[in-house]
Amino acid sequence: MYPAHLLVLLAVCVSLLGASNIPLPSLDFEQFGKMIQCTIPCEESCLAYMDYGCYCGPGGSGTPSDELDRCCQTHDNCYAEAGKLPACKAMLSEPYNDTYSYSCIERQLTCNDDNDECKAFICNCDRAAVICFSGAPYNDSNYDIGTIEHCK
């Protein structure tokens, strides 16, 4: 396991906030962080992912720089799809008020059956991202790569 994976939390969250073409569904930073900690225990700061690759951080464009950056791109795209669901429309206006229900048992994440359609979709976006992060190495050379030059 790669202890730096917890750092993905902030990058993904900032990426969602900074991308103008991605609607913002329910996003509970603490909840997503706990999901990451369930699968990838770590006590490191999120700052190393604030400017990682082309998608882990504010905005997102171009070709992902590596597997980890593809995880961030996929997560961004998943949230964009959530924004198209009729069930998510009401949630989009109050993105921080609702959280989904999930469980973490022996480092296994499960989105619970009591979620409504939108919460279930978002929970599965986050779950898939965390699983992706857990299998993707952190490449120091993709930190602060200069998105203007490398992410076209």
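One-based numbering along the chain as shown.
Using the three backbone atoms N, Cα and C, a Cβ is placed for every residue, glycine included.
Sequence annotations record features per position, and here Swiss-Prot assigns active site to H75 (among others). With a 10 A radius on its CB, H75 (active site) counts 27 other CB atoms from all the protein chains.
What Swiss-Prot lists as active site is D126 (among others), and the listing cites similarity to another entry. Sequence-distant neighbours of D126 (active site) (same chain, six or more apart, CB under 8 Å from its CB) are Q31, F32, M35, H75, Y100, listed in sequence order.
The Ca(2+) binding site feature in Swiss-Prot is assigned to Y55, G57, G59, D76; the stated evidence is similarity to another entry.
Annotation note: C104 (disulfide bond) sits in a strand segment as assigned by DSSP. The Cβ of C104 (disulfide bond) lies under 8 Å from the Cβ of K34, M35, C38, T39, T110, each of which sits 6+ residues away along the same chain. Here Swiss-Prot flags C38-C104 (among others) as disulfide bond.
According to its DSSP assignment, C151 (disulfide bond) is coil. Counting every protein chain shown, the number of other Cβ atoms lying within 10 Å of the Cβ of C151 (disulfide bond) is 18. Look at Swiss-Prot and you will find C54-C151 (among others) tagged as disulfide bond.
Sequence annotations record features per position, and here Swiss-Prot assigns disulfide bond to C56-C72 (among others) based on similarity to another entry. Around the Cβ of C72 (disulfide bond), the number of neighbouring Cβ atoms within 10 Å comes to 28.
The feature disulfide bond is assigned by Swiss-Prot to C71-C132 (among others), with similarity to another entry given as support.
Around C125 (disulfide bond), the C-beta neighbours below 8 angstroms that are at least 6 residues distant in the chain are H75, C78, Y79, A82. Secondary structure at C125 (disulfide bond), as computed by DSSP, is helix. Marked as disulfide bond by Swiss-Prot: C78-C125 (among others).
If you look up Swiss-Prot, you'll see C88-C118 (among others) marked as disulfide bond. Taken residue by residue with DSSP, C118 (disulfide bond) is part of a helix.
A 10 Å cutoff on Cβ-Cβ distances gives C111 (disulfide bond) a total of 20 other Cβ atoms nearby, all chains included. Annotation source Swiss-Prot lists disulfide bond at C111-C123 (among others), citing similarity to another entry.
What Swiss-Prot lists as signal peptide is 1-19, and the listing cites sequence analysis.
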Counting all other Cβ atoms within 10 Å across every protein chain shown, which of the disulfide-bonded residues C56, C118 scores highest?
C56
Cα-Cα distance linking C118 (disulfide bond) and D76 (Ca(2+) binding site), given in Å to the nearest integer:
16
Quick check on the disulfide-bonded residues C38, C71, C88, C123, C132: which one has the highest count of other Cβ atoms within 10 Å of its Cβ?
C71
For G59 (Ca(2+) binding site), what is the secondary structure by DSSP, using just helix, strand and coil?
coil
